[in-house]
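Engineer: Sending over a structure as structure tokens; questions will come in a sec.
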Amino acid sequence: EDPYVMVRRAELEGYCIDLLKALASMLHFSYKVKVVGDGKYGAVSSNGNWTGMIGEILRQEADIAVAPLTVTSAREEVVSFTTPFLQTGIGILLRKDTMSQEMSFFHFLAPFSKETWTGLLFAYILTCFCLFLVARLSPCEWNEPKNEENHFTFLNSLWFGAGALALQGVTPRPKALSVRVIAAIWWLFTIALLAAYIANFTALLSSGSEQLPIQTFEDLVKQRKLEFGTLDGSSTFYYFKNSKNPIHQMIYEYMDKRRDHVLVKTYQEAVQRVMDSNYAFIGESISQDLAAARHCNLIRAPEVIGARGFGIATAQASPWTKKLSIAVLKLRESGDLDYLRNKWWETSCLHKSRERWSPLQPQALGGLFLTLAIGLALGVIAAVVELSNKSRHAAGHVKKSCCSIFTEEMCTRLRIKENTRQSQETSGRANA
């Protein structure tokens, strides 16, 4: 089976042949390779006897079986396995273009997560409110509340904040130090935020698609675009049949009801069907990695379930079992197993070393939001200090307590709309 053992120019080569050579070199044994007679890995036949490699081990026709032989409880009862030399599981093989999502109408919102957009809206409203509040409290911005118009109304404050978000200069222009502190910190916030948005939006466009829609088996069940199936009668099929997981049960029911249409006879047929139609193949993840390496338009979804390993089978109580297990562990620790994996799963596809794209989360901008909050607090404190200084000077002239003057100023500035309306009505009557 490619790439484990293949016949090339009347000789055997492949991953398992290289592994066998490495083990023989470490343990100093000689060997003779024989291809299994019936071409099977090993299962219990109808008469109760084992077929394939497991059967040959039991009949002492072979000492060890080196192959992508899955370690199972049934096999472990009759033979011994070494430490697995390859780890695998059950994955989903898809065609790349079937995984790409159509761009939504509001694709421009994708660079930030929903939480980030919510935080930005809250920061905008809070900043505009602080501008409105500080402009009323600061005597440097609004010295005579009863006679002077305050340009920083709430609507004007909203417009000021929106203009900064678009990097546009807008009026009114702040005069007080407290208002300028808030304006400056908001400008800094918007510049950093826009830089993050543009960078993430550029990465999104260059990635060519949004986050892959099928990441897990749950995603596969929820979608309706792709059919999915596995090898008929395979261990993968029975894994879903025997699983108690509700998602796995839904996958089994889907495949069982449509078994004549979605189940395939051979692995080659499965790969060809994935390439030719809207079909997802569920099977051995390591075999799917090989298919993706050989066919550049295929890809394996990230989730892998039902972890299992490929081990070397020996007869029970064989003295070679422990020796081979230790040798496999040494090969793994030295990186030789990784080297063999990369050698035989090498791909000719041009890989874009692109990490999985994801929307920018609020945590990534936490320091930016914290800086904005500190700036707003400083602006409000500065406005209160400015107002208290004016109240202290005024208290000396009218010979009242500073606290009473400060309270009167605060009430006057926060109720200015009502006072202005009354003064306008009074002046209107006088003119009449």
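The backbone N, Cα and C atoms fix where each Cβ goes, and this holds for glycine too.
Here's the feature list from TrEMBL:
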- 1-347: domain 'Ionotropic glutamate receptor C-terminal' (DOMAIN)
- 3-59: domain 'Ionotropic glutamate receptor L-glutamate and glycine-binding' (DOMAIN)
- PRO68, THR70, ARG75, SER235, THR236, GLU284: L-glutamate binding site (BINDING)
- 117-139: transmembrane segment (TRANSMEM)
- 151-170: transmembrane segment (TRANSMEM)
- 177-199: transmembrane segment (TRANSMEM)
- ILE214: site 'Crucial to convey clamshell closure to channel opening' (SITE)
- LYS241: site 'Interaction with the cone snail toxin Con-ikot-ikot' (SITE)
- CYS296-CYS349: disulfide bond (DISULFID)
- LYS330: site 'Interaction with the cone snail toxin Con-ikot-ikot' (SITE)
- 364-385: transmembrane segment (TRANSMEM)
Engineer: For ARG75 (L-glutamate binding site), which of the recorded positions ILE214, LYS241, LYS330, CYS349 has the nearest Cα in space?
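Structural biologist: Minimum Cα distance from ARG75 (L-glutamate binding site) across ILE214, LYS241, LYS330, CYS349 lands on LYS241.
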Engineer: Within 10 Å of the Cβ of GLU284 (L-glutamate binding site), how many other Cβ atoms are there?
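Structural biologist: Summing over all protein chains shown, GLU284 (L-glutamate binding site) has 25 other Cβ atoms within 10 Å.
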Engineer: Do the transmembrane segment (364-385) and the transmembrane segment (151-170) come together with 3 or more C-beta pairs under 8 Å, pairs six or more apart in sequence?
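Structural biologist: Judged by the Cβ rule, the two regions do not touch, with the required three close pairs absent.
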Engineer: List nothing but the largest Cα to Cα distance in Å, as a whole number, among the residues PRO68, THR70, ARG75, SER235, THR236, GLU284 that the record says bind L-glutamate.
Structural biologist: 18
Engineer: Spatially speaking, which of the recorded positions ILE214, LYS241, CYS296, LYS330, CYS349 is closest to THR70 (L-glutamate binding site)? Use C-alpha to C-alpha, please.
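Structural biologist: Looking at Cα distances from THR70 (L-glutamate binding site), the smallest one goes to LYS241.
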Engineer: Going by DSSP assignments with H, G and I as helix and E and B as strand, what are the residue counts for the domain 'Ionotropic glutamate receptor L-glutamate and glycine-binding' (3-59)?
Structural biologist: 20 helix, 8 strand, 29 coil
Engineer: Between the binding-site residues PRO68, SER235, THR236, GLU284, which lies closest to CYS349 (disulfide bond), Cα to Cα?
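Structural biologist: Nearest candidate: GLU284.
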Engineer: Pop the Cα-Cα gap between LYS241 (site 'Interaction with the cone snail toxin Con-ikot-ikot') and CYS296 (disulfide bond) into the table, whole Å please.
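Structural biologist: Here the two Cα atoms are 32 Å apart.
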Engineer: If I take the Cα of LYS330 (site 'Interaction with the cone snail toxin Con-ikot-ikot') as reference, which of the binding-site residues PRO68, THR236, GLU284 has the closest Cα?
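Structural biologist: Spatially nearest to LYS330 (site 'Interaction with the cone snail toxin Con-ikot-ikot') by Cα position is PRO68.
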Engineer: Here the recorded positions are ILE214, CYS296; which one has the lowest number of other Cβ atoms no more than 10 Å from its Cβ?
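Structural biologist: The recorded positions ILE214, CYS296 were compared, and CYS296 has the fewest Cβ atoms within 10 Å.
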